[in-house]
Amino acid sequence: MEEHETVNFMRLLSDESTQSTLSLDSCEYYQMEIFDQLPSIQASRPEQNKRGVLEACEDYQSGTEVEEKWSHGPLLKEPRRKRDKVSMQPLRNLAMCIQAKRDARDRRKMQISNIGFWESWRRSQSIARKRVWAQMGGALAGLLPWQHTLHAIEGRFGIGVKAYFVFLRYLIYLNLLHCALIWGFILGPTTFYGRSNSSEPLKFGANDSILDFFQGSGYLYRSPVFFGFYTRGSLNLPCLNTPLLYFAGILTILFLSLIMVTRRTIVGYKHTWLLGKRYSMNVSYKIFCGWDFTIQDSAAAVLKHSFIRNDLKLFLEEQSFSLREAERTLGQRMRLYLLRLVLNMLVLTLLSAAFCLIWFATGKSKDEHRHNWLVSLFLQYLPPITITFVNLFLPHVFHMILYFEDYSITTQVNTTLVRSIFLKLASLGIYLFFFITLAEHQKHECKENQFGREIYKLCIFNFLATFCSAFLLNYPRKLLQEKYPGSLLARLLGKQQFLIPLNVLDLVYSQTVTWVGVYYCPLLPLIGTVILMATFYIKKFTVLRCCTPEQRLFRASNSSVLFHFMLLLGLLMAAVILGFNLYQQEATPDNMSSCGPFRNSETVFNVTAVCVDSLPSLAQSTLRYLASEAFALPLILAEIIILTSYVSRGRANQKAIERLKEMLVMSSSDKRFLVKQHATMLRRKKNNLQRPL
């Protein structure tokens, strides 16, 4: 059996690095001279301050009083609090080499005898708490669902496709939170305290059929899915009753959604602002330092290879576009701007035609003539079919138009998102506006239930369109590519790619429909959660089985902000529609609700006024003052002061960031200068040694 020799990897030190003929005085003089010649010193300090710098350098070389003089001198004015905070950080979080971390650990051990028992105990407890929180955060991150799937998708298709699935998972969490709020405010009190005595018991009727689950009629129309099911029960206090709890639950859902989506948008914007156009990727770092040496699995190694390759492809794509854009002449730019103007006019024409088609289909669906069940079902679903067809067809047209506009890949994605979201939200708004105006001239038993039915049909048909698109279009297309790759149809269709903007728009549209209909269909968040979970697995099958990686990638950080901003627009649209309907009920007595919690001439404003009148006089006067115009002026002044402080802080942080970037640039210049001087010194020394005596 062959014995393996033990190999010790040691750093080999040459004689030139361990021995020197320079005396101590000449070394100090040389260090002072080099320090004076550093590019950062010459660029940032005037000539009259160089003497103080040299004195600080001499103190640094003396080695004994450096920390005290630099901490109180003009070169370093950081507070002691920040140094203590750094000293309590874990050693692995500090940007130091191994030897520096060992020295820092030894210094911390020596400080224990100087700072006292209680201070030492406080620091150790702080470090232990941070370590526990870090471990808990890592454990919770490992429990997130579909984590392995997201890593596999990122490795094969890039960070952009992964951003879509992360966005989809975030919407699932958001809808689960909505379900909990619906149970706590609406379903729970109705289950425990019951409904009014005049309410009919929920049971299947003779005319109920399976089609009711597609039309939102029959048994489903009378179920807790819709607004009309919820009535006043035994819980009938002035400030604690079914109408107030219903309205408070819907208001809480919209308010928490606003906070969460706004927070994600702001955090993403800060990340994009810091790492967007100001971020320059260091290619050498990606190539030589981007590997994770803790990887032991071959599959994980393949994924890491894919990550690095996709980053380099993205960087080269951006650099290629920047060079091509810089080489354009004035005539080429003028022709390009004229072409973009013509194409934008074409986009506006297509949008106008789509809106007219939706308006015509919505009016045709309200035909009162008698038809058989199949034609009646088709007419009821004619507006959702038209909206879905327009939303599927026009974004692909917009995507093809972008190839002629010659934008960068990230700008192409953002432009497609803006045009398509305007199409989707405007088409939904036109459909709802037509239905609201039509409901004013028609007498329905429960207008809120009718509105909820339309929203319910939009959700169901949107999911059916996603399912059919995956298994009736995408999968047969992939089979055709695999079995008959040389056929004419396969060559015409080409390889299928996962278009991120269009799929993100489907998610935004679906969530907007959920927010718009949650007041009229309280169980819509639960239905939306089931639909989104099914959509996750359908899209996973589509990506991994039917799609090929796209040749052109984009930075997910640049478009993730736009994802959440479009979600914020959808939430704003839902709030405007709900506010308009509630105001219309208050302003027009004929539009008051005849079913649900706000029946018998009750509105949100009447029920709220009864609750306020039952409160103590001090609480009444306080609430009335907060709702009056007198409170608006100090509120606006406070907002102006807060915004001014945040703007000032942002500008100060921006200046600090720019200053730190300049310091990093000068630091790299200093390193290059020192390396050059060191090489020159070694070359001179070698020449002196080779020179004959």
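A Cβ is built for glycine as well, from the same backbone N, Cα and C atoms used for every other residue.
What TrEMBL says about a protein is an automatic prediction, not a curated fact.
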Where TrEMBL places transmembrane segment among the ranges 416-435, 496-515: 416-435
Stretch in 166-186, 416-435, 517-538, 559-583, 625-647 most in contact with the transmembrane segment (337-361), if contact is a CB pair under 8 A: 416-435
Counts of helix, strand and coil residues, the domain 'TMC' (446-557), according to DSSP: 86 helix, 0 strand, 26 coil
